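Input: a single structure, listed below in structure tokens.
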Amino acid sequence: GNVTFSCSEPQIVPITFVSSSQSYLLLPGTPQIDGLSVGFQFRTWNKDGLLLFTELSENSGPLLVYLHSGRLTLLIQKQTENPVEISEGTNLHDGLWHSVNINARRHRITLTLDNNAATASHATTVSRIYSGNSYYFGGCPDNFTDSQCLNPITAFQGCMRLIFIDNQPKDLILVQQGSLGNFSDLHIDLCGIKDRCLPNYCEHGGKCSQSWTTFYCDCNDTGYTGATCHNSIYEQSCEAYRHQGKTSGFFYIDSDGSGPLGPLRVFCNITEDKIWTAVQHNTTGLTRVQGADPEKPYTMSFNYNSSAEQLEAMINSAEYCEQEAAYHCKKSRLLNTPILFLSLFLFSLFSPLGMPFAWWVGRANEKHLYWGGSLPGIQQCACGLEESCLDMRYFCNCDADREEWTNDTGLLAFKDHLPVTQIVITDTNRSNSEAAWKIGPLRCYGDRQFWNAASFNTEASYLHFPTFHAEVSADISFFFKTTAVSGVFLENLGIKDFIRVEMSSPKEITFSIDVGNGPTEATVQSPTPLNDNQWHYVRAERNLKQTSLQVDSLPKKVLEAPAEGHFRLQLNSQLFVGGTASRQKGFLGCIRSLHLNGQKLDLEERAKMTPGVKPGCPGHCSSYGNLCHNGGKCVEKYNGYSCDCTNSAYEGPFCKDEVSALFEAGTSITYIFQEPYPVTKNASTSSSAIYVDAVMSKENIAFSFLTAHTPSLLLYINTYFHEYLAVILSKNGSLQVRYKLSKDGLLIFTIDSGNFANRELHHVKINREGRELVIQVDQVLKLKHNFSEIDFKAIKSLTLGKVTDSLSLDPEVSKANVYGFTGCLSSVQYNHIAPLKAALRHPSIAPVTVKGSLTESSCTSIMEADANTVTTIYS
């Protein structure tokens, strides 16, 4: 007879384990079968979860299959034997389908992952392995105790399909109908797993991963941070780094903050009032050119290790930018345009087309026919504008076509044309013709946005800007200062959605937002009032994972976003700054440096055309004056402030940079004071602060020193009344402050807490106010003394190191004066006088005399070096 076989693939019915604690699927097995055969497929985003549990027959022990940290593990726990454990795979929580097959025969068990027999794992047991009676997939019932279903890890969340037990496929539709097995909290015939990384909401190249309920962003090596890698870890300008007290060096700046442009490596020169930002290119030296003509032009393109968009953003943010352009020539013409011509006919004889022999290419690949020191549209060099060219018939020195070397050098400073991206030269192919060129780095100063501010004078006044579009990510940052008790900083409305940042009370800032799930409010409370007319910083952020608010350096308030629901912020009205659409609860005060998603809002420009609002905001020193150290004075500027270090022994943008020098044996600095009244009766009152009245009612002395030599004379002050004050190191290394007074004679104050000639840097402060004397060494109070009477005034001179007029010195000071001081002195201050700084910085105008060898150095940098070695090398 005929036999007919019917073969069909098992029906693929996926199931979803929804709950992390309640979901499970129970299927029956065939007990007491010698051996075991179970298979299934799973997919999940969770690293951990129980996939399978069964109690094997004949006391074979429980068998568990589970995920741990994305790795598949099989475990058999036997009471009389060591546990059997085998593992397979990595990163199995990748959301893809993975197949698992478990096969056991007698004493051998095999775990196969993704049907790859070549990588299957094997183990052996002492006793035989028998099939189980019941198989629990995904988890265990809460009330299950009879067989003690074990789950050493969390329950499984994800999907399964194609389940086989004892080589028999299980029809999961029968489970749904209630005729096979049992289940809890499952979705049958549906894989409800959600790919939360598609689309990828991790910004700036952040790597997305996910669990069952949410996604995570790995921001390593992106230059950004935050829940969605939204926030740049870098400042937007060198001005911002200066504001943090940074010194010159290489930094990354991110001109558009959280915007799409990446960070750019620059050099910040923070050594003067103007903070320069420099970007170098690939060709920095002077480059010689020969053999170029119009048929075979010489070209050089410049690589700034950045994109054109990054450089453009940096330039647009700056107040001023420049690049030096230098063209050295010997019989090589540059712009080819004569100055003097009688007519267009004569001009055509000199240059039929007026085309230059060299040009440069700038932003947007535009060709430019002017040179450094000239202006756009004027085909000249600097000497042409200044009428100082070597041959007045030409606009450029090089156009005279001379046999000897000359040059045209100047600054290209029209920002819209920068940076220089290419240079082209075509006139070095004639006899004895040669040229050399150099294009300097791109240099800019000034942050147009950092100090960009507006003053709101009435509660009804506001500035309006286009709608803030930030559907999935929004960040808002600004500075404010006010004396008002409340007010709205900014607001933008939609049909239902809105976003608002306000000062709800003198001590509270609130960030409110609604994306359709109801209002969310993040509030930061300050322990002190924020309406103190000082600048305060606010940063509010919202993304798919959280809403946060930061005020100054107070703890950040973070609210987690719901996993489901509306998530797009839909706004359609204008953005109101300093007020609201209802013109209520307006803000009174100043707002500055306002950024929305990295974009800068020009408050000053908009304020110029808005009633009740003024551009700018005075009074920066009230907030930032404390950044000027060591007696530096804060000076108000329209855009910011600067530190005046005239009366400070220090220098630099914050008066924090030491001014120090190495002294050799015999070196001296003598500062001569004005003679007291009546000698200076008619002296000019406009003299510099370094020429102050010599009649002092107090001494405020501060300096640092490093030496290995004793005895030493560090500082000596004498008066017109033959009194003096000397600071010496005695033979044993102790520090002595010696007053010789006309009434009390010699008073000696000794600090003998150690040997101060120990090649380490020591800091000394000597303060006398009236009769009270206080001496500090290395920030530790060493001595207090009250004079019975003192009248130390009419100062004649101050000497550092060896005193040349030593007739009136007492024996101990004379011994110390034999060699004076050998070592390093730093930041010497006497009241408002800085004698060391005057000698190093203003030797021609200050009343100071230097004798012997004086070498500027840094005491701090040589502190760890041997003072003997250092001074010997300089000697």
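Backbone N, Cα and C define each Cβ position, glycine as well.
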Selected from Cys590, Cys628, Cys634, Cys643: TrEMBL disulphide partner of Cys617:
Cys590
Using a Cβ-Cβ cut-off of under 8 Å, list the residues of the same chain that are 6+ residues beyond the ends of the domain 'EGF-like' (193-230) and lie near it.
16, 20, 43-47, 95, 157-159, 252, 254, 258, 260, 262-263, 472-473, 475, 541, 543-546, 563
Identify, in sequence order, the residues in the chain of Cys617 (disulfide bond) that are 6 or more apart from it along the sequence and have a CB within less than 8 Å of its CB; answer 'none' if there are none.
Ala453, Ala454, Ser455, Lys481, Cys590, Arg592
Just to be sure I understand, if DSSP states are collapsed into helix, strand and coil, how many residues of the domain 'Fibrinogen C-terminal' (229-281) fall in each?
6 helix, 18 strand, 29 coil
Restricting to the domain 'Laminin G' (452-617), what is the model's mean pLDDT?
91
Treating G and I as helix alongside H, and B as strand alongside E, what does DSSP give for the domain 'EGF-like' (618-656) in helix, strand and coil?
7 helix, 11 strand, 21 coil
